[in-house]
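**Q** Here's a structure for you.
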Amino acid sequence: MSSPALQHEMRQQEGEGEEDRSDDDTSISVSEKSVEKKSKRRKPNCVPKSWVRASERVRGWVEVRLNGTFGVRLEVFNGLCSFTSVLLYCLQTYVDRASTVNKGLENTVKLLDQIQNVIIIFFLSDFLLRLYAAENRWKHLHDKFVIIDIVTIFPPFLVRVSVWSTQSPATRGFTMPTTGNYDFLRVVRMLKVVHAISVLRWSNSSRLSAADDVSRKIFISCAAFCCILLCFSGMFLELENQFGTEGDIFLHDALYFVICSMSSVGYGDISPTTLSTKMLVILMICAAYAIIGDQLNQFNKLLSTFSPWARAQYKAKSSSKHVVVCGETSVSSITEFLEELFHPDHGTDDMLLFVVIVGTGRPSQAFQNVIANWPQVTYLEGSVMQERTLERADIVKASSIFLFCDKEARNPKEMDTQTIMRAFAIKEYLKQEKKDVPLFMQIIQPESKVHFTSSAYGTTNYQIVCIDELKLRLLGKSCICPGFCTLISNLARSCSTSLQNSEQWIEEYTGGSSKEIYRVPLPSYFCGMSFAQAVNLVFEHTCCTLFAIEISDAEGVMRSVLFPGRYEIPSGQSHAYMLAESVEDVARVSDFRDHFRGRKEEEKKTEFVIQHESSATCEKSRVFIERMDRSYHITRIPRDLSRTILETAENFSGHILVCGHSSSIGQFVQTLRQKHLVSQQIVILHPEIITSADFAKVAIYPEVYFVQGRPMNGKDLIRAGMLGCSKAVVLSGSNNPSAQDVDGVLNEEAAASLVDSDSVLTYHLISNHNKKADIVCELRNSANMKYLMKEDRNALERDHTLCPPFASGKVYINSILDKLICQLMYNSHLNTIIRELVVSSGLDHDDFTSGDVFPSELFTIPVPSSFDGKPFIQLFQFLVSKQNILPIGLYRQHPTDDFAPLPYVVSAPPRDLVLNKDDQIFTLISPLMSLPRPKGLLYIKVLRATLQKSWDIRLPDHPEPVEQVKEE
């Protein structure tokens, strides 16, 4: 039935339905539904929904395939065909001309035309397929590469079809000469070749070495300019050969004319002879000025946007190795890191060592000055979150990866999150490449470590250095043991300082600072000895100090235990930690042989000397640790924040004053709340009121108070009890000063000096008003050490570790942890033993299969009066053999024949060092060991008062053990 008839029938049915509705409502509704169903069923222009859904599914299926691997392969093949089409055009301009003279080339011309026709049909099919698969076809037609298809496909194709249709059936074929058509437009398809290369690079970015953005855009611009040259050459060639009077010209002649005309005014040997070619030349020159000017502007923008560091890349060589440093690297941190990495103490390797630094921005001028001193350093601008940057750094072939954080970040939690995500990106990339490179990373807050360790990437081959944990524990321990910061800092770095004709205190100090921590396998010669006996023997023959050993706990995990003196060294392979000056000293310990047969006789002789020197005074070193608890001073119910905020603490006396605030301040407080220590009041002075989240970390510890105020304000310091404090800790400020001077010119050296301005001024305010207070100041830039020195010591300014404030333990340098993370590459066990000395302090070792394992902690004790003027070896042997105490350092108030400006630390003193009565000894003492009580109640009371005043150690009043309140 025709469409008008169908419509007439439908109108008639609708009219009948209206008549029925006027009679009965029920019949009306029924007839309505029947008419609607019939009308929908019989409407000829309505496509069934099933067909629409099927068509949409087919279109979607094609779109998915074009956006997947098939689409990439099709785009690459399109690029190859485009390149072939351009080559065929250039070749045909010569072959078609030659075929008019040489009839033997006619078959070649026909073959080239047939190939070109096949390529055009493929282009047309690809265009129609992508148009069909496009969800928004109108938007698809506005794409620049689709416009290229339209310009290069349809004009030549339509010309071929029109000529082919005008030919007689007898002469009609599938070929057509090139001359007189629009085949010169094919050269525009060179841009499709560039697009295919870009698609291939993007789809295979994990396997191909990606070029930088600047090179890619320059390549695209040059390709576009070449396309324009060839297009104008083809147009000039066609117009001159068809309408010119000077005879036929070739493609290279036309290209020569176009280049000369665009670059200059031309040479006149080739010139346009027709009006059409003259107009073309005018258009061509105008277009050249516009295009060249636009391209130059784009190049200038590219060069200003992309620095040379964003285009640089590193390629590993078989004759060398390299490490990758990424994250938040500052001038001070990278300086300390590179100095440690290339320190002569690490020896020379057959393979050269290079460093690749990956930064998120352009390096500052100060940063460039630093890396300019190290030709082995390469800087790359980029993000490790991008695989392309990791490829540029050749991270797969790196020997180690170091991930730094901003230690002074305003938001430590956010900084840790960024660091962990960077670590995830690096680990994931290495996993894809089936590589496992050691990763050393810095984390600010201790609680952030669990986010990495609990992930799938935190299983093996990584080490974490927690900034706040180590820093605040060091500062807290320095309040108990003066000089502790310097002792640990010197052990965590390499030092080979040797000064000629220097003062005695410098010689003693540098002799100790050159000692380092080594892990050494114990020879079978020591099997069956107690660890204390092995320590005595090693020190006597090598002047090296064994201070820790690896012991398997009840769960079978190897733990590093600090000086378990009574522990018997088992048979089999055991590893210990020692303080030594060089690798040669370590080899001497590993090569112990049975030729030391006179050991027992020498020990007996030494024992006689020790017994002769011992006296009742020497018992001081043992009585004070009787029945020490391993738990902390804590409150069962957390305190209320309002009760800890004070308006003034001027009436406090003997307390610890903390100037500044850290989000991990709980680490500092916990160190000072161990049960065997005198519980001193802690007053924290900070410009802002502490948040509830930060207060929750210290709420369980008693006698911790907060005073709001600025540390640089003298009145606020007085309100915080500056005049009555016994110890003060000055934390570095979190505000970064502007790196611009008054004229707005970048001045990074001035900014580096200003980062510690608050700390330096606060230090001087406290030291001038409270001469008796022991002050420890945190500095972010080691160069600012000179502002804390009262004496003029220019000779020592080249090395901040030789400055008296650092040697005395009054300064903590923040970048020392950058040296520590570098040391981990050479000594992977260093982080474990440093944490044992600073953080764990033996408190984590509570379950060992051997009953003689008593882990030790680090404390300072005074030199017994009977050892005044004696060599250090006598005190060493007595404390180790008789008291089960290991001395590992000395805090010297004055040298024997010279005046030192400040006290100084001597790490692992030599055997012949003469002791002074006012020296303090850094010792490892076990708080878990039950000790015999000396006789005489009066003696105990006098001794307790002396020790509590000198050492800040709380002794129990009764022999019964005190109930331990463990930290929740």
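Glycine residues also receive a Cβ, built from the backbone N, Cα and C atoms like all the rest.
This is the feature table in TrEMBL:
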type     : residues : note
REGION   : 1-41     : region 'Disordered'
COMPBIAS : 15-26    : compositional bias 'Acidic residues'
DOMAIN   : 76-290   : domain 'Ion transport'
TRANSMEM : 76-95    : transmembrane segment
TRANSMEM : 115-133  : transmembrane segment
TRANSMEM : 214-237  : transmembrane segment
TRANSMEM : 249-268  : transmembrane segment
TRANSMEM : 275-292  : transmembrane segment
DOMAIN   : 319-436  : domain 'RCK N-terminal'
DOMAIN   : 463-549  : domain 'Calcium-activated potassium channel BK alpha subunit'
DOMAIN   : 652-777  : domain 'RCK N-terminal'
**Q** Need a quick answer: max count of Cβ pairs under 8 Å to the transmembrane segment (76-95), which of 115-133, 214-237, 275-292 is it?
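**A** Result: 115-133.
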**Q** Report the DSSP secondary-structure composition of the domain 'RCK N-terminal' (319-436) as helix, strand and coil residue counts.
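**A** For the domain 'RCK N-terminal' (319-436), the helix, strand and coil counts are 52 helix, 26 strand, 40 coil.
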**Q** The transmembrane segment (275-292): which same-chain residues, six or more beyond its ends, come within Cβ distance under 8 Å?
**A** 225, 228, 232, 235-236, 239-240, 243-244, 258, 261-262
**Q** Near the transmembrane segment (214-237), which residues from the same chain, at least 6 beyond its ends, have a CB less than 8 A from one of its CBs?
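**A** Counting only partners 6 or more residues beyond its ends, the transmembrane segment (214-237) has Cβ contacts under 8 Å with 86, 89, 93, 183-185, 187-188, 190-191, 193-194, 198, 249-251, 253-255, 257-259, 262, 272, 277, 280-281, 284, 287, 291-292, 295, 298-299, 302-303, 306, 310-311.
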**Q** Run through the domain 'RCK N-terminal' (652-777) and tell me, per DSSP, how many residues are helix, strand and coil.
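**A** Reading the DSSP string over the domain 'RCK N-terminal' (652-777) gives 37 helix, 26 strand, 63 coil.
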**Q** When the pLDDT values for the domain 'Ion transport' (76-290) are averaged, what is the result?
**A** 75
**Q** Going by DSSP, how much of the domain 'Calcium-activated potassium channel BK alpha subunit' (463-549) is helix, how much is strand and how much is coil, in residues?
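**A** Its residues divide into 47 helix, 17 strand, 23 coil.
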